Amino acid sequence: MVASALLPELWTEILVPVCAVVGILFSLFQWYVVSRVKLTSDLGASSSAGKNGHEDYLIEEEEGVNDQSVVAKCAEIQTAISEGATSFLFTEYKYVGVFMIFFAGVIFVFLGSVEGFSTENKACTYDAKRVCKPALATAAFSTIAFVLGAVTSVLSGFLGMKIATYANARTTLEARKGVGKAFIVAFRSGAVMGFLLAASGLLVLYITINVFKIYYGDDWEGLFEAITGYGLGGSSMALFGRVGGGIYTKAADVGADLVGKIERNIPEDDPRNPAVIADNVGDNVGDIAGMGSDLFGSYAEASCAALVVASISSFGNNHDFTAMCYPLLISSMGILVCLITTLFATDFFEIKVVKEIEPALKNQLIISTVIMTVGIAIVSWVGLPSSFTIFNFGAQKVVKNWQLFLCVCVGLWAGLIIGFVTEYYTSNAYSPVQDVADSCRTGAATNVIFGLALGYKSVIIPIFAIAISIFVSFSFAAMYGVAVAALGMLSTIATGLAIDAYGPISDNAGGIAEMAGMSHRIRERTDALDAAGNTTAAIGKGFAIGSAALVSLALFGAFVSRAGIHTVDVLTPKVIIGLLVGAMLPYWFSAMTMKSVGSAALKMVEEVRRQFNTIPGLMEGTAKPDYATCVKISTDASIKEMIPPGCLVMLTPLIVGFFFGVETLSGVLAGSLVSGVQIAISASNTGGAWDNAKKYIEAGVSEHAKSLGPKGSEPHKAAVIGDTIGDPLKDTSGPSLNILIKLMAVESLVFAPFFATHGGILFKYL
């Protein structure tokens, strides 16, 4: 008798969807609380009774700023930002929708052709004694899973953007009552997005598995091979969201900063700047919609990689549904843990002063990690047999449940380490960023040199953390261990997304305060929120890149198994050429995205200069700029420029697999993983450090910072130049690279049966 999990199958079938529904209900509750801040002239209305009470005293009353026109102005600006973001996303989704339909057809035709579109059952790939469903069924169900993943990814991004644009002006208005009130609105709004995304991703995946099971029955190998399409759909949409949104936001940001701050010496988000609305729209379509789709893609792929390996291990062979759903149980526990963690920021403790903001956000990471460790122990105890076997490149490896617990934990804690190292290198509270700020004394050149050095140095510890987690998890449980380590890193995705989305919401709130003409005290509060948000955004990117490395490796292992490769020998020419080309791809991709931002920013700079030179009274504030033209420049540029990088990533595995075969493709995947992770971490951290060095000088909190300021001084101008160079690094190229390495791996896995059957035509005939 084979040992089975303590948790009965019926309980698993109830627990997973119930946890997902609890997450969705919690996000709706948070949205309801935020919605009670009214964007009307009824200025007493606030977020909720008690701590966020309706009776709160408005600090600005004595300054005479508390008049109805300010609230009306905030509402008007919010509407403009929301309409701009919605319009851009709808335009982007039209193009992406066409791609989705085309690529769904490619999946069906390629996978259907593996058995010549036969409808006969076939012998299973890993166990020839068993009979599996035909390849045509896998083609059809993979296509359906791809479309479901794509639609869920698009919805994740779109809903995140809607929530962020709903909350930005409300955060601004709450800042009149103090920094704590504004923090809670911004954080609650981030939590809406985090829980909605984590819960809906889990729920859709769970329902898909159960619906597919009706057809597949006992053929779990075919069932979970088809499910990999879900991860491919999620990540392919995330690629276009990240690249398109990143080009949009940085074209506007660079254009606004270069002309506004450096040439015209006007503050950030000044309403006289024609690019200011496009800049604020960009925060929502890039940092919110793009990030949402990206982390959803990571989650979907990590789950798919774990499920594929589990389906050909003892879990799948013995049809132990509870053990099979171990990855989903981890995610379910993650939602409950993040729910408790969120209450620490919104209900258990109250922020009263600026210096409490960053620790509150960091505590979210620590609390969620500590509680999640206990959660994983419980899930591993009840959800796994005491001993089982895991597929390990043709053999079955005996694994104990405590070993799998350690695999998940090593990923979870590696994520925290990467988060804190990222914070150390990008927060202006520590010496690395302060050194970069100090280098601005001698101009922009030294600032750039110091910033690049910081980025390269910041790669060291995260790579060691990823390397150790790979070694430990692989030693214990082969590729399944690596996949669940990635899931461990992503298990607290709801909290990670909440603190990530908080940043752009605070950034927008500051922009609205400036444009609505609110007092400098309000702007100082929103700037404090934004500076903390900048660091948390960098931490979020660190998590995304670290998890992408683990996910990509797990998918790579699943691909190698499915393609029938027993060893990947680096000494064979087929593999070494793949390695070299794969290592080059992140550079090619980065070149495309950087150039796209540069050319779009060039058009933006010319348009902003034209308006300042030709619209009489614009600098004096008596005439209004033409915001719409700048929004159109960003939209047109990003839609046009997102297509070539997208094609590079999507076509590479197809071309290499078809013409050169699975061995060369395995080299390409390994090469892109190794070089992509390094470039992504250094690009994100360099950009984040330059941004916060600029903010350090602008805030002028310490004596050192005051000696470099004020705004408009030569060191400040040098810092602004560094910040504009870093913009495409940290918000376009860097974050998009983690999608490149994951997407190529999951695409290779989905098409592995086709490549194994028909691939390598060049080497066959040479």
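Note: Cβ is positioned from N, Cα and C throughout, glycine not excepted.
According to TrEMBL, the transmembrane segment annotation covers 14-34 (among others).
Feature annotation from TrEMBL assigns transmembrane segment to 95-114 (among others).
According to TrEMBL, the transmembrane segment annotation covers 134-161 (among others).
Nonlocal intrachain contacts for the transmembrane segment (182-209), taken as residues 6+ away from its ends with a CB within less than 8 angstroms of a stretch CB, comprise 16-17, 19-24, 26-28, 30-31, 33-34, 37, 47, 52, 145, 148, 152, 155-156, 159-160, 163-164, 166-167, 170-172, 174-175, 223-224, 227, 230, 234, 288, 292, 295-296, 299-300, 303, 307, 328, 331-332, 334-335, 338-339, 342, 345-346, 351, 357, 360, 493-502, 505-506, 509, 525-526, 529, 533. Among the features that TrEMBL reports, transmembrane segment is placed at 182-209 (among others).
The feature transmembrane segment is assigned by TrEMBL to 323-345 (among others).
Counting only same-chain residues 6+ beyond the ends of the transmembrane segment (365-384), those with a CB under 8 A from a CB of the stretch are 5-7, 12, 322-323, 325-326, 329-330, 333-334, 336-338, 340-341, 344, 401-402, 404-405, 408-409, 412-413, 415-416, 419-420, 488, 491-492, 495-496, 499, 539. What TrEMBL records for 365-384 (among others) is transmembrane segment.
What TrEMBL lists as transmembrane segment is 404-425 (among others). Only residues 6 or more beyond the boundaries of the transmembrane segment (404-425), in the same chain, are considered here, and those with a CB under 8 A from a CB of the stretch are 326, 330, 362, 365-366, 369, 372-373, 376-377, 380-381, 384, 432-433, 454-455, 457-458, 461-462, 465-466, 468-469, 472-473, 476-477, 480-482, 484-492, 535, 538-539, 541-543, 545-547, 550, 684-685, 688-689.
For 459-487 (among others), the entry in TrEMBL reads transmembrane segment. For the transmembrane segment (459-487), the list of distant contacts is 298-299, 302-303, 305-306, 309-310, 313, 326-327, 330-331, 390-393, 397, 399, 403-404, 406-408, 410-411, 414, 417-418, 421-422, 542, 545-547, 549-551, 553-554, 557-558, 561, 677-678, 681-682, 685: same-chain residues at least six beyond its ends, Cβ to Cβ under 8 Å.
For 543-565 (among others), the entry in TrEMBL reads transmembrane segment. Long-range contacts of the transmembrane segment (543-565) within the same chain: residues 125, 225, 228, 231, 291, 294-295, 298, 301-302, 304-306, 308-309, 312, 391, 393-394, 411, 414-415, 418-419, 462, 465-466, 469-470, 478-480, 482-483, 485-486, 489-490, 496, 662-663, 665-666, 669-670, 673, 677, 680-681, 684, 734-735, 737-739, 741-742, 745-746, 748-749, 752-753, 755-756, each at least 6 residues beyond the stretch ends and with a Cβ under 8 Å from a Cβ of the stretch.
Positions annotated as transmembrane segment by TrEMBL: 571-589 (among others).
Long-range contacts of the transmembrane segment (739-763) within the same chain: residues 107, 110-111, 113-114, 125, 135, 138, 142, 146, 225, 228-229, 231-232, 235-236, 238-239, 242, 294, 297-298, 301, 304-305, 308, 548-549, 551-552, 555-556, 558-559, 562-564, 574, 585-586, 589, 649-650, 652-654, 657-665, 668-669, 672-673, 676-677, each at least 6 residues beyond the stretch ends and with a Cβ under 8 Å from a Cβ of the stretch. Among the features that TrEMBL reports, transmembrane segment is placed at 739-763 (among others).
When Cβ-Cβ distances below 8 Å are used as the criterion, the transmembrane segment (323-345) is approached by residues 4-5, 7, 12, 15-16, 19-20, 22-23, 26, 30, 184, 187, 191, 194-195, 198-199, 201-202, 205-206, 220, 299, 302-303, 306-307, 310-311, 315-316, 360-361, 363-364, 367-368, 371-372, 375-376, 378-380, 383-385, 388, 404, 408, 483-484, 487-488, 490-495, 498 of the same chain, each at least six residues removed from its ends.
Packing against the transmembrane segment (95-114) from elsewhere in the chain are residues 135-136, 138-140, 142-143, 146-147, 150, 154, 229, 232-233, 236-237, 240-241, 639, 643, 646, 650, 654, 750-751, 753-754, 757-758: each is 6 or more residues past its ends and has a CB under 8 Å from a CB in it.
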